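For reference, the structure is listed below as structure tokens.
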């Protein structure tokens, strides 16, 4: 799958890229006319009103290790602003309505003691967002182990996968290429996937309405 370019020095963040990824991975046909509307709005906008057709509900889960930025990303999607967060115990859920389409987005706690319960959220999931802390080199192997354990689950065999390489604003962070290599993403054959750089605090990388 084609990887989007990103930058904060030598990489460029783009909304259009993420929108196309979401369309491809969820098998939703996005027409050019309202794709442009969506770009002018945001990925999942509560005030978005230019979708021409009814689309079914999509369940999205947001997972990753603790302190990766999952909850911040959830509220960038739903509120287009930074919300001060504390470690998630259990989960947060936002129902984001785009005309008559409902997106249920579940942000699941990533502490070690909670990861064994991730599979209780997998039923009917169409789309998995994995948030990676690009500064956490020591635990990238743990992320890889959790990723492949998750992808092997029967309930996620048809789910699309989007990896957000978060905290790209931090000097010395892992690049998207480094993260892709560390996660061995080229070995993922049974799922449509894409990796995208982002900064949850600024909304860069397709998280915010205007770039």
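Using N, Cα and C of the backbone, Cβ positions are placed for all residues, glycine too.
Remember, TrEMBL labels are computer predictions, not curated facts.
What you see is a predicted model, and the numbers here were worked out from it, not measured in a lab.
Lifted from TrEMBL, the feature list:
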- 64, 65, 66, 67, 68, 69, 70, 71, 110, 166, 167, 168, 169: GTP binding site (BINDING)
- 71, 88: Mg(2+) binding site (BINDING)
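Local packing around the binding-site residues 64, 110 was summarised as the count of other Cβ atoms within 10 Å of each Cβ; on this measure the leading residue is 64. Among the residues the record lists as binding GTP, namely 64, 65, 66, 67, 68, 69, 70, 71, 110, 166, 167, 168, 169, the two farthest apart have Cα atoms separated by 22 Å. Long-range Cβ neighbours of residue 68 (GTP binding site) (same chain, at least 6 residues apart, Cβ-Cβ under 8 Å): 110, 131, 132, 133, 136, 166. It is 70 that, of the binding-site residues 70, 167, has its Cβ surrounded by the most other Cβ atoms within 10 Å. Annotation note: residue 64 (GTP binding site) sits in a coil segment as assigned by DSSP.
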